[in-house]
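Q: According to Swiss-Prot, the protein carries these features:
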type	residues	note
ACT_SITE	119	active site
BINDING	118, 122	divalent metal cation binding site
COMPBIAS	7-21	compositional bias 'Basic and acidic residues'
REGION	1-21	region 'Disordered'
């Protein structure tokens, strides 16, 4: 996961982008129905993204130091991503996961809402189902759910990507986004055929699983 630039080393542009992302994030946690809903259901699983970090008094000093970072990390990123999910280590509670928000890749509050919601679905899956992220089928299932439920494949986002279409556009977008994510998994080794096959194998069951929603948002 990207590491935030120390504030005294930020360029003026990085400072502006970080502060804008921080403001939008605060506003979304107060006003976004989607973000508030996901926060509620993460909290029910003891994975509240806004809860205090663990301290050395509740863990070994080494472990606490290794994970001494906010649960919502705002930092500059490479051009290919807008956010990410960093799952907890196997030896840690699932609540010790974190979300990356790429301050230089978020172009609007709506984009941030979709990105944050996408990563919160991953966190929900990690807390609820104990996902093995090295298992391509597990990873594909969570990517399918996150792309489908978060708004990442909404009409406006697809139009902005210049993916024009109407028939099965949502499903096609979900598959495409899931395949791209699986390709980045070291267990896939960049094998597109393997990524596409894995997504196809789990698509129907995972696309139909809308938990914690009653239906697609």
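Placement of Cβ uses the backbone N, Cα and C atoms for every residue, glycine included.
In the displayed structure, how are the listed features positioned relative to their neighbours?
A: When Cβ atoms from all protein chains are considered, those within 10 Å of residue 119 (active site) total 25, not counting its own.
On its own chain, residue 122 (divalent metal cation binding site) has 85, 87, 142, 146 as residues at least 6 apart in sequence with a Cβ closer than 8 Å to its own Cβ.
Same-chain residues lying 6 or more positions outside the compositional bias 'Basic and acidic residues' (7-21) and placing a CB less than 8 Å from one of its CB atoms are 74-76, 101, 103-104, 106, 112.
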Q: Give me the count of other Cβ atoms within 10 A of the Cβ belonging to residue 118 (divalent metal cation binding site).
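A: Residue 118 (divalent metal cation binding site) is surrounded by 25 other Cβ atoms within 10 Å.
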Q: For residue 118 (divalent metal cation binding site), just give me the three-state DSSP call.
A: helix
